[in-house]
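The transmembrane segment annotation in TrEMBL covers B:6-27, B:62-80, B:86-103, B:124-143, B:155-174, B:203-227, B:233-251, B:263-285.
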Amino acid sequence: MGLKFQKFRGKGRNTMTMIPFLIGIPVVLAVLFPFVRDSKTRGYLVYAGAGIVMTATVVFIVSWISGGAQTWMLYQSTETVDHLMTAGDIFLMCLIVYMSVKYKRVLPVLLSVGQTALLLYTEFTVELPEGPHMTVDWMTILMCIIIAFIGGFICIYTVGYMKGYHEHHKDVKDRQPFFFSMLFLFLGAMFGLVFSQSLIWMYFFWEITSVISFLMIGYTKTEEAVNNSFCALWMNLLGGLGFAAGIAWMAYMNGTVQLLDVLSVGGEVPLLCLALAGLTKSAQLPFSTWLLGAMVAPTPSSALLHSATMVKAGVYLLIRLSPAFEGNLTGIIVSSIGGLTFIMASMMAIAQNDGKKVLAFSTVSNLGLIVGCAGIGVEETVWAAIFLMIFHSVSKSMLFQSVGATENTLGSRDIEDMHGLIIRVPKLAYIMGIGIAGMYLAPFGMLISKWVALKAFVDSGNFILVLFIAYGSATTMFYWTKWLAKLLCFHIPRETVKDVTRKDEYVSMFFHAAVMLLLCLLLPFVAMWIVNPIVRELFGNSTDVLAMSVLETMAIMLVSIFIVPVVMFFISRRSHRELVPIYMNGINEGDNRYFTNSYGEKEHLYLSNWYLRFEFGRRHLRIPSIIAAAAVLVLGFCLVIGGAL
Amino acid sequence: MNVGFVIAYIVLAPFLGALLDGIDRIISARMQRRKGPGLLQPFYDLGKLFSKEMIAVNNVQLLLNMSYLVILVIAGAMLFAGADLLMVLFILSTADMFLIMAASSDSSPYANMGASREMLQMMAYEPLTLLVAVGFYLTTGSFQVADIIQADTSAVLWMPGLLVGFMFTSAIKFRKSPFDLSTSHHAHQEMVKGLTTEMSGTTLAVMTIAEYYETVLLLGIFCLFIVNSTWWSWIAAILACAVIYFLEILWDNACARVKWKTLLYSCWIVTLVAGGINILILMLIK
């Protein structure tokens, strides 16, 4: 690895003292919330907390960049903290055991006790050399930005959302202090995770995120919520077991638990074990069930799980590992599971009419593409993967928030009920529209990444992935287009609705929309300043993936999407026209809402989207795709372990 | 030279498209043993559409249709400027998106069904178009149209399967039977005129002109299969395009419209068999 190990001095020391703050501030806030019973005070505390987290992140990044933007390896000897973390691991295990016993589940107990025992045994029997425990590099910085800003604004959004949520769901017990604690704790754990260089440290934060997501999914405590939360728990614990096994293997075979050493000397077994952890956390097949079930929780937790945290942790780990995936069996396993997930989840998304379900499937599908890219492990694919991750974070967070706000306003998150949203609640429709466009349309970054990914898949000679991306992008287009078309129907509403979205929710959503548009306009700069440095760090040196001619193309595309419609708006406005009713076979009832039915009565016109349920429904595709992915995984494990022994 | 091509495309493509449409009508009429309209009928039709009083069902349809037209022209201009083929295809899909939005913006039952079918058609042909771009990349080592036409041999020698597949799926784009589900050139289907039901006058004229641009764009992609660095390959390409266009007309007249499932599955299977195997072989030998 061509990385520079630089001892911190001068300004570096500031950075070092700041990391505990970044992790600590959200944790302190999380501890405070249970004591703040007044909802107004709590709201202000959340705003202040999110503001502090964001400011701290900005200060941290500025100090890191002004310090030369070098890769820093920090914290050589940390015995006390190590012991604290061991205690933390044991606490988490006890919590899981307690909850499992309370709800009578066996599997989580076995998995949790197994992995914690394995880890503790390893820690106490193997003498590990001292090494850096934390790293700061461009990848960390990018993740910090995502966590602090996307995560922070989701917290701000939550304040308003939860008020509306509890007005609608009287049956759910109001546990808001707990919910906010979990949100901030999640941010703290994510900061810890992305800074960690020592696998043992990373494992600790990894487990925290698993447990918090378990607690958040179970927020409503209904039977469904409890079932889904345990599903999420055992799947993520399985990944955690893989993580622990990877650590144990590294410790016994190579005598080190550094993430970087996994890349250089680890060999395939620990690599695959860690990849398993990444796959479960990023909800790839056969483990995608947990993320789909996670929607029972209030929307902000979905927004957080899907965009800034949780699944991004899985993807983050896989991108970190990606240079080691190139050209070996583990890489093939990871990329084929990713590719399969991409196409299968996008097909299943077609058959959904619940807005949040479509979003969940699309997350799984998009993460599949990212994982596929990471699994190939060459510069171009990793470049594309990072880009996809950035765009996915912003647009998915925005989409979840707007669907959540729409649900509070309309009382439904069914896409069918969003017919003509542009007339009824224009602001939410615009935000949702920008989010959807960001997910698949030119010139938004997703498409550029897809373009790069396709080229890289061809270059790496991976035939199956080329087919997956060709078919998968077609199915992706279908489900987004029909949603977008539903929003843009100009239909006079039957009853007017009152937009109950609160100001703080709009602040967050407008922020996301602005970021989305800016990312699009500044795409070349994002590539130059953030993505290229990351790829350079991961691969030593790299050529710029995005050639200049592509940038020209980008400019043309920007013109076509933003400027053409605006110009056309002004041109077409000048033409005088007379508005007439739509064609309904001559049986219109005066306005566009009713027609005369065969009994001569007035019938309301209802237009439905097309869901192809019998062709692309979950009940046809879910089981086969899970079996296929599980087979790939099991076969891969057999081959890799067999090859190593 | 490139600038010349682009200007020629922007200026001449609608005329060429309309002429092709006129020829299409004459040939179709002869196949059906009727006299049919004259060659210039499409021009008269357009003139008539533009002269009509402006009536519309809402205020955005014209705007969306005009965006469709302009973005399609941009896609075509990029193709004829020798730009990246994959980008051209992506922009082409984006343009189509505007047409779908235009059709569904009116909340009309027939137009909405047409728009849904148009989405399905996009889903049916999109995999193959991407594979065609990949095929050119594998054959000539570049996605740039300017590089593809400078190759020593015609691309079709390496990608016959993709050509066949593209001929098959482009019936969707030409709006030819058996794949004219979303709208057709004839207003006698079960969904009235599908996608274009609510379009009239100028709005419909804009859409028709856009379709002419699209026809020429597609024929341009067909030319890419044939054109190489020799001058006579251009003549061969134009002849090949004429043959392909004739075959599409023949197919149009010989087939009845199929159901959507047949359309989707047949396109996907042809993509997999003709396109996929072609790509696989290219990957193995190149």
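Backbone N, Cα and C define each Cβ position, glycine as well.
Unlike curated records, TrEMBL annotations are generated automatically.
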When counting Cβ pairs under 8 Å to the transmembrane segment (B:6-27), the leader among B:62-80, B:86-103, B:155-174, B:233-251, B:263-285: B:62-80
Winner by Cβ pairs under 8 Å against the transmembrane segment (B:86-103), considering only B:62-80, B:124-143, B:155-174, B:203-227: B:62-80
CB contact flag for the transmembrane segment (B:124-143) and the transmembrane segment (B:233-251), at least three pairs under 8 A: no
Beyond the flanks of the transmembrane segment (B:155-174) by at least 6 residues, Cβ under 8 Å: 121, 124-125, 128-129, 131-132, 135-136, 138-140, 148, 214-215, 218, 221-222, 224-226, 228, 244, 247-248, 251-252, 263, 266-267, 270-271, 273-275, 277-279, 282, 286
Long-range Cβ neighbours of the transmembrane segment (B:233-251) (under 8 Å; 6 or more residues past either end): 20, 24, 27-28, 31, 154, 167, 170-171, 174, 176-178, 219, 222-223, 225-227
